[in-house]
Amino acid sequence: MPQRKACSIVNEPRLVARKLLARPQHEGVGAVVRRSIGRFELKYFDPFLVLDEFSVTAPAGFPDHPHRGFETVTYMLQGAITHEDFEGHKGTIEAGDLQWMTAGRGIVHSEMPAAQGTQKGLQLWINLASKYKMIEPRYQEVLSKDVAEAEDDGIKVRVIAGEALGIKSPIYTRTPTMFLDFSLKPGGHLQQPIPKSWNAFVYVLEGEGTFGNMKSQPTNSHHILLLGPGGDGLEAWNKSSKLLRFILVGAEPLGEPLVQFGPFVMNNQEEIDQTIDDFENFANGFEKARHWRSETASDLDY
């Protein structure tokens with residue numbers, strides 16, 4: 001793993017504007033998620049629609065379901081999930097692996113446990129601009145061993161999207177996005193640039209960290225921190241005696257109207273009505289859903 005020095009310094013650290021605890025709730029079939037974005041208190045943080053920290057043990061999972069109008073990013077933390085869709089795309093996402101799925105005009109797929117025990121990971125939904133909502137579906141998949149990583153003075157980063165510590169991710173993002181998995185050793189101090197016009201948040205996975213202001217109260221796992229506007233980056237400290245791990249995610253806001261109906265995200269009600277009609281009549285991107293059922297769902301007879 002390369003040792004890299006950060007080439008930029010944060011001059012105006014963003015402060016924490018809002019802090020929320022992601023509490024467990026049921027989702028899919030028997031799965032448990034901690035949803036921080038996409039809940040009543042935080043329905044949308046442009047362009048982010050949903051952030052789930054999920055935990056699933058067979059036979060629970062996320063059987064056959066559709067999407068249209070956005071992208072899903074699945075990042076596994078523990079165990080493995082088998083993914084399968086109506087185009088015949090099938091594979092297993094294991095710990096540390098990444099799948100960046102552009103649903104575009106339509107996907108029907110399943111996500112089910114592929115291993116014994118509990119599978120854990122993150123799933124982020126990113127809205128697509130109106131001009132991209134009806135593009136053909138696309139996958140970008142990166143194995144854990146191929147995720148760009150760097151270390152610098154007590155800081156380790158896995159670059160899922162964007163750039164940090166001088167290294168870049170190969171992932172192409174239609175909505176300009178950064179997705180960084182940071183680990184700070186005790187005493188670690190991070191400065192990470194963020195474009196001033198972007199919305200950005202921190203989600204703590206492990207340990208306890210101080211964000212934005214050195215004198216602010218520490219934040220522990222399962223909390224999301226929405227960063228305020230205007231600053232040019234994030235400053236974070238690990239003042240504890242244990243490892244701190246968190247994700248920093250940011251993106252350029254779309255500033256477009258939003259209408260969401262479950263797994264369908266469009267710009268107005270007419271487009272939502274058309275999407276429901278397309279799905280029910282197997283048209284305009286959902287043609288292959290008519291005769292498709294995932295192997296895992298068939299085996300489990302959902």
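Backbone N, Cα and C define each Cβ position, glycine as well.
Taken from TrEMBL, the feature domain 'Pirin N-terminal' applies to 33-126. If you look up TrEMBL, you'll see His65, His67, His109, Glu111 marked as Fe cation binding site. Feature annotation from TrEMBL assigns domain 'Pirin C-terminal' to 180-284.
Around His109 (Fe cation binding site), the same-chain residues six or more apart in sequence whose CB sits under 8 Å from its CB are Asp64, His65, His67, His83, Glu84, Asp85, Phe86, His89, Met101, Ser294, listed in sequence order. Annotation for Glu111 (Fe cation binding site): spatial neighbours Gly61, Phe62, Thr74, Ile81, Thr82, His83, criterion Cβ-Cβ under 8 Å with sequence separation of six or more. The residues of the domain 'Pirin N-terminal' (33-126), classed with DSSP into helix (H, G, I), strand (E, B) and coil, number 0 helix, 67 strand, 27 coil. Put plainly, the binding-site residues His65, His67 were compared by Cβ crowding within 10 Å, and the winner is His67. Within 8 A of the CB centroid of the Fe cation site residues His65, His67, His109, Glu111, the other residues of that chain are Phe62, Asp64, Pro66, Thr72, Asp85, Ile107, Val108, Ser110, Pro263. Within the model, the domain 'Pirin C-terminal' (180-284) shows a mean pLDDT value of 96, rounded to a whole number. Residue counts for the domain 'Pirin C-terminal' (180-284) by DSSP state, with H, G and I taken as helix and E and B as strand, are 12 helix, 48 strand, 45 coil.
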